[in-house]
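Asks: A single structure is presented below for examination.
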Amino acid sequence: MFNPGFYQDDDPMSGIFPPGMMGRAGGMQPRRFDEYYRCYPVAMLPGPERENVNHGGKVMMPPSALDKLTRLHITYPMLFELINGNKDAMTHAGVLEFIAEEGKIYLPYWMLETLSLEPGDLLQIKSTDLPSGQFVKLQAQSTSFLDISDPKAVLENAFRNFSCLTVGDIFTFAYNDSVYSMKVLETKPGIAAKGAISVLETDLEVDFAPPVGYEEPKRVSGTSTPRSTAGGLPAGGTLHNSGTMAQAINYASIAPTSSTAADGAKAVSSNFLLGGQKLNARKGSKAPTPKASTPVAGASTNPPATIRRTNGPQPLRLPPGKLFFGYEVKPVRKTGEQKEKVEDESKPKFQGQGQTLRGGLKRKGGEPDVVEKMVKGKEIEKKDPGAGGGQKLGGRTLRDTPK
C-alpha cells in the first residue's frame, strides 16, 4: 500500500521521525543530494575578501541547497563529490556557508584548475560519505617549502580549512605572505573513489616526498688529513696533505710561530707608525718637508683610527661555510720537564769578569797600553804644570840655560 518512491523530491515525513525509524518502518534508504550549479571562483563572491576560503577545501552553496539537504537523510559532516562530466574530472569538498546566489556555487581557485573549469561552467554536486583518514603523503611543488621552520604546525593550521583530501589534487595554502602548492600522492585507507578521505576529527599521519625540483647535495669524497703517517705526527699537531685547507689559507704565513705574522702584528700594534719631523732641518738634509696643515674642503683632518692588536696569529678570512681547525697544539709539560725549566731559570744569566778602560792590561813585551799612557800623561801635567821645558831659537831648552 505504501510506495517508498512516491515522493521523488519532497518527503512530507522528513524531519518528523529519525532516519533509523523511517528505515525500519518503510524500508526507506537515505536519498542522495544531486544538483547542477554554475561555478565561480571565491574571489567573485560579493562581500569582503575571504582568503581562508580561497586557500581551503570548502565551497559556498545557495540557501536552497541547505533547505533540500535538511529534507534528505544526509549524515554529518556534509561532504560532496564535484564532477565535471565534460572533462571526466572529479574531486571532493565540504561546505562552509550557504550564502551564494541561487543557481551558483563558489569554489577555491585551485579546485577550478583541478576540474578544468571556467567561470560560469556547469558543475554537478553529489553528496557522499568518506572514511576518516589515517595516512596521507604530500609533495611540495616548489623547494621554497623547505624554508618553513615548522611544517607540521603550518599544515595543522592549514587543514582547518579542509574537510577532505583526494589523491591527485594540488591544493594551496597561505603562510607568511606566501602561497604554497601541495600535491596529494597517497592516502589510507583509500577505499573511497579516487582515494578520498575525511580529515575531520581524526589523527592523521603525514609523510612528505622530496619537493619538485629538489636535488640532493653532492658529497665530496676524501679527507683533509692522512689516514696514517710513517714517521708519526709532528710536534706542532696534525700533518696536512698538499692541496688541503692549510695551503688554501696560506697557513705558513698566519701561524703564531711565523715571522711574518709576528712582524705584522708588531707593526699593527705599534703606536709610532709614521716618520718623525725635525724643526731645525738643514738645507741639505734629506728629511721630508712637513705637509701643510691647512684643512681641505671635503677631506677630514683627523688621522685614520688604527686598531691595536696584541702579538699573535692574524685573523682568518675564510669564505662562508668553511671552518679551519689547524693551529698548533702545544703539549703540556710533564713534572720532570717543569723542574728542569725551574733549575735553568735559577742559574745566573751572565758569568765572567768584566773589564774597564782604566784597568787595561799590558800588552805582550811589557809595553803599556795606549790608554794607560794617556792616563799617566794627564796625571803628570796635573802634578807639575811647569815641569816641561820651553824651546829657544838657539835650540836649547830653558833648563839648560845657565843661571
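Cβ from N, Cα, C; glycine included.
Unlike curated records, TrEMBL annotations are generated automatically.
On a predicted model such as this, the values are computed, not experimentally measured, just so you know.
Features from TrEMBL:
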type: COMPBIAS; residues: 299-313; note: compositional bias 'Polar residues'
type: COMPBIAS; residues: 334-348; note: compositional bias 'Basic and acidic residues'
type: COMPBIAS; residues: 364-385; note: compositional bias 'Basic and acidic residues'
type: DOMAIN; residues: 33-131; note: domain 'Ubiquitin fusion degradation protein UFD1 N-terminal subdomain 1'
type: DOMAIN; residues: 133-211; note: domain 'Ubiquitin fusion degradation protein UFD1 N-terminal subdomain 2'
type: REGION; residues: 215-239; note: region 'Disordered'
type: REGION; residues: 280-320; note: region 'Disordered'
type: REGION; residues: 334-403; note: region 'Disordered'
Asks: Is it possible to list how many residues within the domain 'Ubiquitin fusion degradation protein UFD1 N-terminal subdomain 1' (33-131) are helical, extended or coil according to DSSP?
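Replies: Once the DSSP states are binned, the domain 'Ubiquitin fusion degradation protein UFD1 N-terminal subdomain 1' (33-131) shows 22 helix, 37 strand, 40 coil.
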Asks: Would you mind splitting the compositional bias 'Basic and acidic residues' (334-348) into helix, strand and coil residue counts from DSSP?
Replies: 12 helix, 0 strand, 3 coil
Asks: By DSSP, what is the split of the domain 'Ubiquitin fusion degradation protein UFD1 N-terminal subdomain 2' (133-211) into helix, strand and coil residues?
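Replies: Across the domain 'Ubiquitin fusion degradation protein UFD1 N-terminal subdomain 2' (133-211), DSSP assigns the residues as follows: 19 helix, 32 strand, 28 coil.
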Asks: Across the whole of the domain 'Ubiquitin fusion degradation protein UFD1 N-terminal subdomain 2' (133-211), what does the mean pLDDT come to? Round it, please.
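Replies: When the pLDDT values over the domain 'Ubiquitin fusion degradation protein UFD1 N-terminal subdomain 2' (133-211) are averaged, the result is 92.
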